[in-house]
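Asker: Pulled these features from Swiss-Prot for this protein:
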ACT_SITE  328  active site, cysteine persulfide intermediate
BINDING   75, 76, 155, 183, 203, 204, 205, 243  pyridoxal 5'-phosphate binding site
BINDING   328  [2Fe-2S] cluster binding site
MOD_RES   206  N6-(pyridoxal phosphate)lysine
């Protein structure tokens, strides 16, 4: 077993060796290095064929038509293209958008930008377990609502939203539905031939593909229109200009092919490991599970350890690569906005750790993690005056702290 142990698969994943090997064939003079838009010679044709194969592999995993897959630089761009693109195209119908407070920043900040441009956005608060109440969503829908954006799996707490039911509600009212599926694709089954989803964002690097590549699914029947955000040579049916990075696209395609093959068995394996981890730490005093095991992705476990400062816990767990909140927010000292939206107080939000497991996680690593967490929590609480006061029965909320 190698230390440190990587348990931050929701931030990024290593590229699968099979993917890396495939990508190497599309870069050098000996490989297929041509521009797929070069229609006048074999170098271009071969590159175009490689892109077509990858497009099919991605479409296969999610039950889409390959013509519905638009390549982007990643899920952040896909979210931007979907939300801005749909809002701008359909603004004559209305300027109201609905999303949730626990979406990824790429969705929230895109909506904030649209608010500055005159759109109105409703931010739904989830229930305590992170799941959106569909009655609240329905109540928020208006005649001028043109777009709903609610993610599939949350990147911090792993809860799974009922995208099938949300899709039905949107379709019945003629509202475009966008789903950020970054954390679910290749991990949970997605069948866009059945789901009433109009736009869906995908990433390469969360599922053992390369960074810097993603895709946006844009439904053809019934046809969904978006306005391009990147202009140029008219690539990707005019929706996203820019020379296609063949090596990255091939890598993403191969990663999605592997995911389709291994998904069923791998998810059972990860669910077993996640449950093993939770069962190993859940009897520690004052430990809280954030999210919902039953309605949760099999690879994410978010836990708060009361009376332990999250930062000091991460330092104590230096043999584990884990995060507090998401990679995007863990660089700041703000408590996670996702956990705050669930109703956690600052203290509990600050003392949260996200464990996210993946393809190369072993049982041995999980057992080591359990032992290390138990030891570290014990040691940190021995040093904590707050823990001592709690054990003495002092109500910490009633204390007036002096401000210096």
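Cβ coordinates are placed from backbone N, Cα and C, and glycine is handled just like the others.
Give me the local environment of each listed feature.
Answerer: Within 10 Å of the Cβ of residue 76 (pyridoxal 5'-phosphate binding site) there are 21 other Cβ atoms, across all protein chains.
Counting every protein chain shown, the number of other Cβ atoms lying within 10 Å of the Cβ of residue 206 (N6-(pyridoxal phosphate)lysine) is 27.
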Asker: About how far apart, in whole Å, are the alpha carbons (Cα) of residue 76 (pyridoxal 5'-phosphate binding site) and residue 206 (N6-(pyridoxal phosphate)lysine)?
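Answerer: Counting only the Cα atoms, the answer is 12 Å.
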Asker: Including all protein chains displayed, how many Cβ atoms other than that of residue 183 (pyridoxal 5'-phosphate binding site) lie within 10 Å of its Cβ?
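Answerer: Cβ-Cβ neighbours of residue 183 (pyridoxal 5'-phosphate binding site) within 10 Å number 27.
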Asker: Out of 155, 203, 243, which of these binding-site residues shows the lowest number of other CB atoms within 10 Å of its CB?
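Answerer: Least crowded of the binding-site residues 155, 203, 243, by Cβ count within 10 Å, is 243.
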Asker: List nothing but the one residue from 75, 204, 205 whose Cβ has the fewest other Cβ atoms within 10 Å; the candidates are the binding-site residues.
Answerer: 205
